[in-house]
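Student: Below is the structure I would like to discuss, written out as structure tokens.
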Amino acid sequence: MFSALFTLPGGFDQYTGLPLFLHRSSFIAYIVSDAVSLFSSTSSMLMFLGMLTSRYREEDFLRSLPMKLIIGLSTLFFSMATMMMTFGVALMIFLKERFDWVSFPIMLLASVPVTLFALLQFPLLVDIFLSTYGPGIFDKPNKRGRFL
């Protein structure tokens, strides 16, 4: 995503140095989605590096590591989604004039990895969230509806 900021679709004007598609709304969508993807992928990487370099004390397993895993997985999914959105917008910019019908099936195929990641990792994310921030083992009601 870092290199996509410098290799813009359409290239640059040789006299002014400005991007050729600067005044298109699709180009603005490309830049915004690319920047959001870059920031979210960087934060995801930093969260996972924070997990890797943790001290692994007992207290870390209760709050710190699950919180980092929740934030890391969420930002990784968001990064993948915005990366595919950037790909789709760039494809639309390139193929708009000649092959408008081609971009939709390619974008559908590009959304398959994001969907698979969401379907496979969302149950893990819910379980970690509930075990970290949900009721503990001592807060569960007994058969009469009273807390232990």
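Each position is counted from 1, following the chain as shown.
Just so it is clear, glycine is given a Cβ too, placed from its N, Cα and C backbone atoms.
These came from TrEMBL, pasted as-is:
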DOMAIN    1-92  domain 'PGG'
TRANSMEM  27-49  transmembrane segment
TRANSMEM  69-95  transmembrane segment
TRANSMEM  101-120  transmembrane segment
Student: If I take every residue in the domain 'PGG' (1-92) and average their pLDDT values, what number comes out?
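Tutor: Per the prediction, mean pLDDT sits at 84 for the domain 'PGG' (1-92).
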Student: Is it possible to list how many residues within the domain 'PGG' (1-92) are helical, extended or coil according to DSSP?
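Tutor: The breakdown for the domain 'PGG' (1-92) reads 66 helix, 2 strand, 24 coil.
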